[in-house]
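**Student:** Grabbed the feature section from TrEMBL, which reads as follows:
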type     : residues : note
COMPBIAS : 1-13     : compositional bias 'Low complexity'
COMPBIAS : 21-30    : compositional bias 'Basic residues'
COMPBIAS : 250-259  : compositional bias 'Basic residues'
COMPBIAS : 294-314  : compositional bias 'Basic and acidic residues'
COMPBIAS : 330-340  : compositional bias 'Polar residues'
DOMAIN   : 60-140   : domain 'KRR1 small subunit processome component first KH'
DOMAIN   : 142-233  : domain 'KRR1 small subunit processome component second KH'
REGION   : 1-37     : region 'Disordered'
REGION   : 250-278  : region 'Disordered'
REGION   : 294-340  : region 'Disordered'
Amino acid sequence: AVMASADEANAAAEGTEGKNWQRKGKHKKEKPWDDDPNIDRWTVEKFDPSWNEGGLLEVSSFSTLFPQYREKYLQETWPIVKGALKEFGVSCELNLVEGSMTVSTTRKTRDPYIILKARDLIKLLSRSVPAPQAIKVLNDEMNCDIVKIGSIIRNKERFVKRRERLLGPNLSTLKAIEILTGCYILVQGNTVAAMGSFKGLKQVRKIVEDCIKNIKHPVYHIKELLIKRELAKNPALATESWDRFLPNFKKKNVKQKKPNTKEKKQYTPFPPPQQPSKIDLELESGEYFMSDKKKSAKKWQEKLDKQSEKSEEKKRKREAAFVPPKENTAGLSESAKSTNDNEIADITKSLKKLVLAFELCFLRESMCC
């Protein structure tokens, strides 16, 4: 009886599996518009208010704080922000007491996703993005991303240097990244605000994080993006891997100079010998037993000896200025030596002639007298 019940259960299970297998894909029939090349399935259609005529049942709201230095600018530009949100049926409030901005849906709101766009708008405004640029985020094709870079690195000096590396000289690096990714980028304080397409925002986040973490310099990312832009123009490479074309930048560890560390002395369990005291030294030299008069005479004599040594040293330095330098005749060639000898011989001959002439004149004068 037990065997029969087991067989029946197996047969029932096989029957159910067969039925499920038959039913699988019953409604997945090919439609005539599945293979239509004219239909682009990635396009995002613009929201039509007729899709949601009844509006929203509940009120949704978001609020964010803003720094004190943005208060004056937000007061001036708030009418522009309020007018832009009013077109989509979203109300906004600027609370200067709390230092906050609030957006919320109303009865006129039709698009359920617009409240998230309004939340992104007030976030960008609080991060120092200009109001005309921040309002663009309300469009369907425009998205935003705020990268928090303040908590990535603890050392303040390194953080500032790497943030400047992201900007580049005269903001050249930042402008190059903006052009290649097609995004608006603003580096402010501990955050980087970016606006653009999803693809561009992903590239911007990667560049920013790699720069702050010191993984890859932004210039290397710019080179890669330039190469990818050129490769995208070739339709033959659309289905191939681009790894062989992209440069492989390896991180080089630059050897740093080792700090001068003092050599550790060998450890000995015994303490160092006790140094002799002043009294011990006086006992050894015999000065301890001398009278005060003799001690003062000895000190005076030592003082005189030091003075005489210093005076002799000064005299030696003064006399050194009057010592004539030695002539360097060792480096002269044989021809130069011969010419010098000839010159000396000529001078001696001329001197001898002058001496003889002088002696003759002297004799004549003496004879005349």
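From the backbone N, Cα and C atoms, a Cβ is placed for every residue, glycine too.
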**Student:** Per DSSP, what is the helix/strand/coil residue tally across the compositional bias 'Basic and acidic residues' (294-314)?
**Tutor:** 21 helix, 0 strand, 0 coil
**Student:** For the domain 'KRR1 small subunit processome component second KH' (142-233), DSSP counts of helix, strand and coil?
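**Tutor:** Computed counts for the domain 'KRR1 small subunit processome component second KH' (142-233) are 55 helix, 17 strand, 20 coil.
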**Student:** Any residues 6+ beyond the ends of the compositional bias 'Basic and acidic residues' (294-314) with a Cβ under 8 Å from its own?
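**Tutor:** Residues 287.
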**Student:** Compute the average pLDDT of the predicted model within the domain 'KRR1 small subunit processome component first KH' (60-140).
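**Tutor:** It averages 94.
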